Amino acid sequence: MPNASSWSASSPLLLLWEDSSGTRIFLSLLYAVLAISGTLSNVMVIYLVFSFKKLQTTSNAFIVNGCAADLSVCALWMPQEAVLGLLPPNSSSLHSAEYRLLRGGLLGLGLTVSLASHLLVAFNRYVLITKLPSVYQALYQRRHTGCMIGLSWALALLLVPLLPGLWTPGSAQVPPPRQTDGGSRYTALLLALAVLGQTALLLHCYLGIVRRVRGSAKRVSVLNFHLLHQLPFPAAPPPPRRAQRRLSSVSVLLLCCVFLLGTQPLVWVSLLGFFLRPAPPALQAASWLLLCSLSALNPLLYTWRSEEFRRAARSVLPRGEGPAAAPRPAAAADPAAA
């Protein structure tokens, strides 16, 4: 089994070059499960938002943007990893620089836009809850929302070619260790700092929401915005005010915990490799796998507490409640879309 430095330089991202075929088969099956479940859940969320007028809100526009990015990971990148894990390590497909570049681009593009979409959703909800309605309406006009989504993709397209050592590891013919280690260490550090900054902003937004909701449930109730149904809070029937504040806080904190579980292992593994010594290959692969698994979990994170999403899903699934959530009902539109 190669050491950590050669593994990070020659391995195609998450595949472990071990002699054990059982490990490679297990990883391939795991990728296949994540690919199927993530593709279905992301496609379902996109379909529901485009099919039901009541779900076409500003917050859901950012969620759909993240689902589209996650599809590049779940529907395009993960199936390739599942297939490549079953090929012998000396397969010609694994040695093609162009093919590795394509796979690395898909992964980098999807993860960058997905992480940016997490932050856009959090900031949208933070402004909705903590600022005046006039501020929200002025900031989230249709044109501004489209610019935010476009900037997330532009940022990803700019970063992917700038980080070739991260998204597209070196060829199987390992270059000199000193050059490889230096490039991979600095790109890993850049990734860790970017994710840490994004995580700090996301936690600031959600913890600000928790403080506002716990401090004044009345403040939330007077914001007569349909977008409130897209928050991870219980929609209907509302529980007593004290229980509602407690459940709302738990829902937001649970969302934050799942996000931290998916992103922070890679951050600290990268920092460990930069300042001390490279982590074991299995730990590096596990941290990357946790980050990529968020692409399959993101649709559930943002819709599991939404009654509107549940009604819409029941109406399109077998034995659904069609009359309860007919497509495009005559409902009040999102004030930001006006």
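Each residue, glycine too, has its Cβ placed from N, Cα and C.
Checking the ranges 99-118, 299-318, 319-338 against TrEMBL, the region 'Disordered' annotation falls on 319-338. Touching of the transmembrane segment (100-123) and the transmembrane segment (25-50) is ruled out by the presence of fewer than three CB pairs under 8 A, sequence neighbours closer than 6 excluded.
Residues 115-116, 118-119, 122-123, 125-126, 129-130, 163, 165-166, 231, 252-253, 255-256, 259-260, 263-264, 266-268, 270-271, 273-274 of the same chain lie 6 or more positions beyond the ends of the transmembrane segment (187-209) yet place their CB under 8 Å from a CB of it.
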